[in-house]
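Features of the protein shown, as given by TrEMBL:
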- 26-50: transmembrane segment (TRANSMEM)
- 70-86: transmembrane segment (TRANSMEM)
- 136-154: transmembrane segment (TRANSMEM)
- 197-220: transmembrane segment (TRANSMEM)
- 241-264: transmembrane segment (TRANSMEM)
- 276-294: transmembrane segment (TRANSMEM)
- 306-324: transmembrane segment (TRANSMEM)
- 330-348: transmembrane segment (TRANSMEM)
Amino acid sequence: SQYSAVDTNPLSVYIMQPIWNKIIKIVPLWIAPNLLTFSGFVMILVNYFLISFYDWDYTASGTSPGLVPTWVWLFSAFTTFCAYALDSIDGKHARRTQSSTPLGELFDHGLDSWATSIFVLSFFSVCSRDNGKTGVSVYTMYIYLSIVLFNFMCSHWEKYNTGVLFLPWGYDISQVVLIAAYLLTGTVGVEVWQKPFLFGYYITDVLVILLIGFSLFLSFPQTLYNIHRAHLKKTLKNDSLYEGLLPLVSPLLLFVLLTIWVVLSPGNILAKQPRLFLWMVGVTFSNVICKVIICQMSSTRPELFHWFLFPLALVVYAAISGLLGWMEEVVLAVFTALVTAAHVHYGVCVGRQLSEHLNIYIFSLKKRVQE
């Protein structure tokens with residue numbers, strides 16, 4: 001299927017695109033576009049693990065400002081900008097080197113589906129978790145992450161139904177806000193997040209309100225409108241309502257199961273291990289969405305229940321029924337390690353299969369020699 005995307009965001013069209021068009025000229029023509037995509041993702045990961053090292057339980061900024069060195073915040077601003085730039089120029093570079101392929105599209109969106117949660121988890125270290133005075137509660141973090149992932153899911157569900165990816169306005173805005181937030185934290189210190197900003201509201205409150213406002217009143221209605229318009233024009237990919245809604249079943253069940261665990265956990269798992277739990281949420285979500293992206297690209301029908309849901313349901317049942325007892329955190333750690341490994345394995349396998357099928361290398365522009 002021919003890749004088509006529509007970007008109407010003024011920030012992107014008038015400010016960012018001209019910058020990317022200048023940056024792209026520096027990239028040597030022998031570099032494979034997937035290498036750009038992957039480098040950006042690796043930078044996001046390095047940044048995440050660096051912040052995790054200094055602030056494992058999200059308390060550093062709130063309880064002891066200065067625990068995370070200033071250079072880490074400035075490095076975060078740098079890596080976030082680089083990742084944003086690389087993610088924005090990989091497609092342009094593919095067109096420039098005449099190497100646009102379905103593999104590249106899948107590689108880009110698949111890594112984006114994972115990076116989305118990692119951006120959010122890194123940002124939580126800036127605002128820190130609730131310590132009675134300032135900060136964000138771990139439940140707010142969970143809701144915040146869920147809303148961001150819901151937005152990501154919507155744009156791909158929309159593409160599954162319309163065949164066109166309408167790039168969400170939130171993407172460019174969120175990247176610029178993230179970079180600004182890191183720069184602000186690096187130059188002024190984390191204290192800036194702990195003083196009221198406007199009418200007794202903190203900057204974090206303003207960002208949460210903006211995020212929820214953007215999602216529920218801009219992105220989601222826009223998605224429904226685009227699908228409705230395609231329906232009127234008779235350009236919908238799926239005739240039946242059942243097929244149109246099918247990709248939403250697994251992500252919604254995933255959210256329901258995770259929320260049950262958060263709310264009913266006897267050991268209050270989210271408060272005990274916020275970083276592990278939220279990482280697990282991001283990984284499971286990414287794998288579910290990757291399958292939707294592949295179905296949308298190959299015009300196949302997604303399965304009703306993603307296989308992750310079955311082990312997850314077992315773990316959640318064992319946890320909330322008290323069967324796990326003190327082992328709840330251990331089981332979460334093991335489950336998180338397993339789904340992360342399964343997700344990486346899945347990505348490697350799909351990449352290999354596609355590179356063989358399309359007769360191309362993933363990280364090189366050289367053509368494979370036909371056997």
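A Cβ is built for glycine as well, from the same backbone N, Cα and C atoms used for every other residue.
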Range from 70-86, 197-220, 241-264, 306-324 with the greatest count of C-beta pairs under 8 A to the transmembrane segment (276-294):
241-264
Within the same chain, where does the transmembrane segment (136-154) have neighbours whose Cβ lies under 8 angstroms from its own Cβ atoms, ignoring anything closer than 6 residues to its ends? I mean 6 or more beyond.
58, 112-113, 116-117, 120-121, 124, 127-130, 168, 170, 174, 204, 208, 211-212, 215, 219-220, 223, 248, 251, 255, 262, 270-271, 274, 277-278, 281-282, 285, 289, 292
What residues in the same chain, six or more past the boundaries of the transmembrane segment (26-50), come closer than 8 Å to it by Cβ-Cβ distance?
72, 75-76, 79-80, 82-87, 89-91, 93-94, 96-97, 99-100, 103-104, 107-108, 111, 114-115, 118-119, 121-122, 361-365
